[in-house]
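A.B. asks: This structure is in structure tokens; I'll ask about it shortly.
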Amino acid sequence: MCGNNMSTPLPAIVPAARKATAAVIFLHGLGDTGHGWAEAFAGIRSSHIKYICPHAPVRPVTLNMNVAMPSWFDIIGLSPDSQEDESGIKQAAENIKALIDQEVKNGIPSNRIILGGFSQGGALSLYTALTTQQKLAGVTALSCWLPLRASFPQGPIGGANRDISILQCHGDCDPLVPLMFGSLTVEKLKTLVNPANVTFKTYEGMMHSSCQQEMMDVKQFIDKLLPPID
């Protein structure tokens with residue numbers, strides 16, 4: 001997946017129970033792997049959808065005293081005005097676009113692919129969807145933020161995904177990525193894409209994690225946008 005890091009293992013995959021006619025690519029958070037999310041999607045799967053949960057390359061993370069861990073890009077700080085790893089974010093987005101291209105080669109059109117992620121992975125999924133020329137079905141962005149927000153226009157984006165459907169979810173007790181980040185992100189997203197297609201759901205008492213209700217909302221979003229076609 002990552003041309004610059006051949007040691008990254010192959011993604012965790014929940015294969016479709018029959019011929020795959022759609023796919024979900026979901027990116028884990030900092031320090032995690034794709035395995036836990038693959039298990040979560042196995043619990044809400046639909047038989048015609050393939051779920052792909054790639055693993056981030058291991059790299060030193062400034063926020064964590066340069067300790068090496070799975071990370072899509074470097075995180076320097078968690079405050080709204082922290083410096084961002086612009087080149088790392090852009091390279092990571094290119095790697096995800098290559099993964100989407102691979103699925104298109106495998107026979108799944110890009111408009112039958114939903115991109116998503118949790119925390120750092122959710123941030124990367126939003127950035128990738130808003131900058132790619134591949135028309136996607138939607139984005140499911142959990143407990144996250146929009147990286148490099150100043151790089152986006154004041155008005156709507158051009159390109160393939162100006163009408164993309166976005167489900168953004170956040171816990172109202174998140175101590176790591178505060179709910180305010182989610183609220184600011186959703187307001188920005190509504191200026192970049194058709195605001196009628198942006199949904200923001202919050203979960204009472206949820207911290208920086210997921211919950212059963214959220215996963216059911218994610219399933220409903222996926223199944224609505226990626227219905228069976230045969």
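Using the three backbone atoms N, Cα and C, a Cβ is placed for every residue, glycine included.
Sharing the feature lines straight out of Swiss-Prot:
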type	residues	note
ACT_SITE	SER119	active site, charge relay system
ACT_SITE	ASP174	active site, charge relay system
ACT_SITE	HIS208	active site, charge relay system
MOD_RES	LYS224	N6-acetyllysine
A.B. asks: Rounded to the nearest angstrom, how far is the Cα of the residue listed as 'N6-acetyllysine' from the Cα of SER119 (active site, charge relay system)?
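C.D. replies: Rounded to a whole number, the Cα-Cα distance is 23 Å.
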A.B. asks: Within 10 angstroms of the C-beta of HIS208 (active site, charge relay system), what count of other C-beta atoms is obtained when all protein chains are considered?
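C.D. replies: Its Cβ has 17 other Cβ atoms within 10 Å.
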A.B. asks: Need the DSSP three-state call for LYS224 (N6-acetyllysine) to compare against my parser.
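C.D. replies: Its secondary structure by DSSP: helix.
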A.B. asks: Can you tell me how far the Cα of LYS224 (N6-acetyllysine) sits from the Cα of ASP174 (active site, charge relay system), in Å?
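C.D. replies: So the alpha carbons of LYS224 (N6-acetyllysine) and ASP174 (active site, charge relay system) sit roughly 28 Å from each other.
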A.B. asks: Which whole-number value in Å describes the distance between the Cα atoms of HIS208 (active site, charge relay system) and ASP174 (active site, charge relay system)?
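C.D. replies: One finds 5 Å between the Cα atoms of these residues.
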A.B. asks: Near ASP174 (active site, charge relay system), which residues of its own chain have a C-beta under 8 A away, given they sit six or more steps off in sequence?
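C.D. replies: SER143, GLY182, MET206, MET207, HIS208 - these are the non-local Cβ neighbours of ASP174 (active site, charge relay system), listed in sequence order.
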